[in-house]
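Heads up: the structure comes next, in structure tokens.
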Amino acid sequence: MRIGVIAIQGDVSEHVESLERALAERGATAEIVNIKHKGIVPTCDGLVFPGGESTTLGRLILREGIDAEIKDAKEQGIPIMGTCAGLILTAKAGDSQVEKTHQHLLGLMDIKVNRNAFGRQFQSFEVGLEISFLDSPYNAVFIRAPAITEAGEGVKVLASIDGKIVAAEQDNVLAFAFHPELTDDMRVHQYFLDKLFN
């Protein structure tokens, strides 16, 4: 089992540590590799897109030629998880802010995103979030977070705040507007690992 973390930019080490902890919790093992260039994605059984600066992340993925490999992985049913900026990358469409920056989107999910959904006044916040696959609230850390403004028919909404969708799933792709790698609660990473091991 091999999990690839897009390591071009963003919260890479935090995701690696969280995945290692989540694997240890379930008594499972997997190799975790950093993806910085073409050729690694096709060797992976699961992919993680970390938070970071979405415009930079998208541009570098395109430049390195990783985008086509990611789309192929999606078509093959490889589990994929995007968090914060990673959520933006999974989208099919974005708001005017996304368009203005010529943000490269991978179109893995039938969703439209608002890049800075919670406004400048909420640079970051934490909230006890009700997520459909969890039986108790999850302490979600939001940092200049995006949100999903439109979700297509095949998209399952997992969590919302004030009418804004902040977690969703479509087929083998998971998208979270918050940073699960910044908490001690491994349940979101476990949900991703469930897709790999089941």
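Cβ coordinates are placed from backbone N, Cα and C, and glycine is handled just like the others.
The feature active site, nucleophile is assigned by Swiss-Prot to Cys84, with sequence analysis given as support.
The annotation active site, charge relay system is assigned in Swiss-Prot to His179 (among others).
What Swiss-Prot lists as active site, charge relay system is Glu181 (among others), and the listing cites sequence analysis. A sphere of 10 angstroms centred on the C-beta of Glu181 (active site, charge relay system) encloses 26 other C-beta atoms.
The feature L-glutamine binding site is assigned by Swiss-Prot to Gly52, Glu53, Ser54, Arg115, Ile143, Arg144. In the structure as shown, the Cβ atom of Gly52 (L-glutamine binding site) sits within 10 Å of 20 other Cβ atoms.
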For Ile143 (L-glutamine binding site), the number of neighbouring Cβ atoms whose distance to its own Cβ is within 10 Å equals 18
Whole-Å Cα distance, His179 (active site, charge relay system) to Gly52 (L-glutamine binding site), is 10
Among the recorded positions Cys84, Arg115, Arg144, His179, the one whose Cβ has the most other Cβ atoms within 10 Å is Cys84
Arg144 (L-glutamine binding site) and Cys84 (active site, nucleophile), compared by Cα position, are separated in whole Å by 8
